[in-house]
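Below is one structure, written out as structure tokens; the observations come after it.
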Amino acid sequence: MSATEGKVITCKAAVAWEAKKPLVIEDIEVAPPKAHEVRIKITATGVCHTDAFTLSGADPEGLFPVVLGHEGAGIVESVGEGVTNFKAGDHVIALYIPQCNECKFCKSGKTNLCQKIRLTQGAGVMPEGTSRLSCKGQQLFHFMGTSTFAEYTVVADISLTKINEKAPLEKVCLLGCGISTGYGAALNTAKVEAGSTCAVWGLGAVGLAVGLGCKKAGAGKIYGIDINPDKFELAKKFGFTDFVNPKDVADKGSIQNYLIDLTDGGFDYTFECIGNVNTMRSALEATHKGWGTSVVIGVAGAGQEISTRPFQLVVGRVWKGSAFGGWRSVSDVPKLVEDYLKKDLLVDEFITHELPLSQINEAFDLMHKGESIRSIIKY
């Protein structure tokens with residue numbers, strides 16, 4: 001039994017009091033876990049574009065005040081009543097997509113989108129309807145069921161997975177979102193085949209991870225499409241073979257027509273990792289007539305819609321979406337950790353900056369400027 005079990009813990013957290021404002025480092029109170037909940041001492045968390053998306057005010061589910069963060073790893077501090085899969089001291093990764101193995105979605109075998117706690121998670125509270133986080137007497141909302149921008153957090157016991165204690169938490173925390181998302185989009189969603197041609201729009205962490213997945217599948221050519229050419233040399237480490245800067249070919253008509261001419265008909269697989277509805281269309285229309293598949297990974301702003309001419313689909317192109325790379329979170333993340341430990345999966349190479357919690361706003365600035373792939377906040 002830990003000295004803090006059953007007690008309220010006061011700790012540091014980065015609080016988003018309102019949209020479009022910098023995070024504020026505050027002392028918050030983290031209540032003990034209730035039934036089927038786990039309290040975790042977070043040791044490291046990544047800073048992801050999804051956190052910035054919600055902070056920007058563009059997220060239709062964005063709630064404030066909130067503790068953001070969803071790419072975290074740590075050590076179990078205590079567990080609530082009925083928790084059997086975890087105990088104090090376990091090394092864990094928080095999961096924004098849970099896995100209950102009981103709901104219609106989990107039982108279908110067709111998706112990783114467990115819906116057991118979807119409604120309460122979207123409402124920023126724990127499954128029983130309240131928050132475990134507060135500051136200055138005010139309730140704070142949870143974020144994506146994880147809230148890892150805090151030294152301690154509470155999650156549902158289906159939103160957590162136990163991992164090998166040999167894995168460095170300050171590295172494998174990234175398997176809680178970005179790397180897994182891109183890597184799995186290539187392997188699980190698109191099911192890229194050996195010798196195929198692929199293109200990735202957006203060479204951030206997710207896009208680079210798509211490249212890794214395409215390389216793992218044996219793709220023959222992997223194109224990176226980005227308006228920041230500074231990313232191209234680094235992307236070669238992740239399997240990319242060719243690069244196109246849309247700004248350089250703007251005088252040649254649409255980017256999709258340029259790419260179709262360049263590749264003798266288009267790509268077998270394309271991936272949109274930006275969240276821009278215009279590039280989503282470009283990615284689809286740059287796939288090969290008859291069999292091309294385009295995977296949407298990036299999240300667009302509230303109210304935005306995608307469009308294309310129906311004939312693009314009639315002639316055999318396929319538009320697909322991918323969340324968390326199609327991985328079944330509780331079952332598959334520990335396997336990805338093992339792949340990392342066996343040096344079969346790059347993780348360290350995504351980390352460009354390590355910062356303390358006090359500098360978390362700097363991590364957002366680096367991301368917005370395109371000067372980082374992933375910044376890690378270490379507690």
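Using N, Cα and C of the backbone, Cβ positions are placed for all residues, glycine too.
Annotated Zn(2+) 1 binding in Swiss-Prot involves His70, Cys177 plus, out of the candidates Cys48, Cys198, the residue Cys48.
Taking each Cβ in turn and tallying the other Cβ atoms within 10 Å, the top scorer among the binding-site residues Cys48, Cys100, Cys103, Cys114, Cys177 is Cys177. The Cα atom of Cys177 (Zn(2+) 1 binding site) lies nearest to that of Cys114, taking the recorded positions Ser2, Cys103, Cys106, Cys114 as the candidates. Sequence-distant contacts (6 or more apart, same chain, Cβ under 8 Å) of Cys106 (Zn(2+) 2 binding site) comprise Gln99, Cys100, Cys114, Lys116, Arg328. With respect to Ser2 (N-acetylserine), the closest of these binding-site residues in Cα terms is His70, chosen from Cys48, His70, Cys103. DSSP assigns Cys106 (Zn(2+) 2 binding site) to a helical segment in the three-state reduction.
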